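Residues annotated as domain 'ABC transmembrane type-1' in TrEMBL: A:172-390. What TrEMBL lists as transmembrane segment is A:49-69, A:75-94, A:106-129, A:171-198, A:210-236, A:248-267, A:299-320, A:372-394.
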Amino acid sequence: MIKEQTPSDPTKTAAGELSADVTDVKNAQQGPGRRHGRSRLTAGQKPRWTAWAVAGGALIIAAALMALIGFNIAGWLIITAILYVVAMYVTTTIMENRRKATDGLWTNLIVGSFLIALIPLISVLWTVISHGTPGLTAPGFFASDMKGVTGITDQKTEAGDLPLIGGIKHALMGTLLITLAATIISVPIGLLTSIYLVEYSNDNSLSKVIRFFVDVMTGIPSIVAGLFASGLMMFICQKILQMPPGSNVMGFSAAVGLSVLMIPVVVRSTEEMLRVVPNELREASAALGVRKWRTTLKVVLPTAISGIASGITLAIARVVGETAPILVTAGVALSTNFNLFKDWMMTLPVFIYRQLMNPTAPMAPTASEERAWGAALVLIIIVMLLNLLARVVAKIFAPKTAGR
Amino acid sequence: MSTTTAPPALSSGSSGRAGDKFFSGLTLAAGIVILAVLAFVAGFLVLESVPALFAPADQISAGTSFFTYVFPIMIGTLITAAIALLIATPIALGVALFISHLAPRNLAKPVGYVIDLLAAIPSVVYGAWGMLVLGPLMVPMYDWLHTYLGWIPLFGEPSTTGRTLMTASVVLAVMILPIITALSREIFVQTPKLHEEAALALGATRWEMIRMSVLPFARSGVVSAIMLGLGRALGETMAVTLVLSPGILTANLIGSGNQTIPSEIALNFPEAFGMRQNELIAAGLILFIITLLVNMVARFIVNRHKEFSGAN
């Protein structure tokens, strides 16, 4: 009865595969599964401990293989993983059926890809924390800049005659000021644009164009944004304001470059938040005779403020780590500069880059590397704090929905 | 900016109307500013590139013409991005499927957050990691590849520092992984529950359900997610600048050599002046056009997809 139903080639079509499975289950009920004395429902399934047994076997065989070609932990784990996936496929094919085996194979591969994705994350975080802590804990790391730090002092540091001197005060200040300026430029433009898109445009063709190009803008390479800002400020300073050449290299140029990167992020996140504000609120406000602009400012924005604030925080977190646009606009500096509109300025990412690529003492780069990793740790902490803040802000300002 | 709106008087209709007009005008202006900025970026790049595009041969750093200068670094950019994409795409799709369909509900959220962490790490930190940690780790592998597969031109004389195009591509792959993951996860989640349940009810295993209902539904979205990842990989600067020790275009992926456009600009622009500056801006224009095309195609696919999936 059962045999007659088996299709000639169950692999060809989906339906074929499904009916093949039905056959297999029925086969199994009468087949070897019974012998284990389990219920009819679980008969024909491989026992629970199969996976552990296969994993153990894979570990042992991989260890044996590695012993032949020279043992190292990474290779051992990789070979174990490959053996495990293959062996599970074969075992399941024999004990259950090919479809179950394929399912298991892909499940293993998908989980495996997730584990692979974790490796670089853990490696990066571990490297930054372990390499960065010595620099970070060096006295005066936050309080001093790189003025007076020369190749000679760095060589003495490496030889152990001097403690690590020099710090990131100038870079930290530059990062804060430039990011603040970029935020001040981008937030009003981004906020107003998204209000236009949601509240005023009625989805006309202009709004479609704006939305499309905002999306496209999110893909502008950061270096191109930097080139644009650099060239624009060069034009404004030299051709219009008649300032001497080179005066366009300043913190504000960098802020313009970062704004180009930040505006689209702000627009997109704010637009999404404004869209989820229920229309009933707008209608209720309009029914009370409130003008649209006041409705927008007093009803729509406060309702969406949690999402907007967290979106802006995430946008800041994104630009705070940008290097390329600042490198070509604000240049590099050794001393602290508080003036956004004059002279070169340093930021944390550029500081890291310069310390790694052009160590203060080319023959003794250890000190520079230590400073770079310390700065990297500070930068990552800032970015993570901003990400955390975004989540907290979204929670705190979230509209109270309990009453509705 | 917005503080200059009309005084918040409850009073007469006329002031309210003025406020309305003013406010809507203001928002419209902001929208137009954005379009203007994009137009400016494009216009400025073209304007500043023109001198380099038509410059006499002796003023160009490559000697003959701008295109012989930009061609090798353009190819370098494309190769790096392509390898990064090859590595990142399967892993990213796997992670996205893991989060959307495999992981237990209470695990999926923290896992998504962990992947977002990958996206939050600044590119310069990735660059530093690739330069000082990943590069040296890759050296034994490069030696092995050269010893056993050295007859393939891709695996020529290996670098001793590991600062090669291949390492740069791996770093880029790590950087674009969270982008592709986040976008495709969003699309996988949108698969109509009925399709999935129907597949399962017919007796499909979980993988068959994914293959028959989730993947066909998500195909166009995944393609655009990959293209957005490509756009990011093409424009990424610092990771490549730090990792790669640049040189002339070569087929050898595991030795030093090759260069990408963004890295070339970042390395040379701070010290450039005169024609060299125009030349680098022209290279930036090429990069801008490539990424613009990639992004526009990707967005076009996304937008079309949105209309289809409006039902859920």
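Backbone N, Cα and C atoms are what each Cβ position is placed from, and that goes for glycine too.
Bear in mind that TrEMBL entries carry predicted annotations, made automatically and left uncurated.
The stretch in closest packing with the transmembrane segment (A:248-267), judged by the count of Cβ pairs under 8 Å and taken from A:49-69, A:75-94, A:106-129, A:171-198, is A:171-198. Among residues of the same chain six or more beyond the transmembrane segment (A:210-236), those with a C-beta under 8 A of the stretch's C-beta atoms are 193, 196-197, 201, 248-250, 252-254, 256-258, 260-261, 263-265, 267-268, 271, 322-329.
Counting residues 6+ beyond its ends, the transmembrane segment (A:75-94) has Cβ neighbours under 8 Å at 46, 50-51, 54-55, 57-59, 61-63, 65-66, 100-102, 104-105, 108-109, 112 in the same chain.
Residues 175, 179, 182-183, 186-187, 190-191, 199, 258, 261-262, 265-266, 269-270, 272-274, 276-277, 281-282, 285, 290, 348, 379, 382-383, 386-387, 389-391, 393-399 of the same chain lie 6 or more positions beyond the ends of the transmembrane segment (A:299-320) yet place their CB under 8 Å from a CB of it. Long-range Cβ contacts of the transmembrane segment (A:372-394) within its own chain (Cβ-Cβ under 8 Å, at least 6 residues beyond either end) map to 125, 127-129, 131-136, 138, 141, 168, 171-172, 175, 306-307, 309-311, 313-314, 316-317, 320-321, 348-349, 351-352, 355-356. Counting same-chain residues at least six beyond the ends of the transmembrane segment (A:49-69), those with a Cβ under 8 angstroms from any Cβ of the stretch are 75-77, 79-81, 83-84, 87-88, 91-92, 95.
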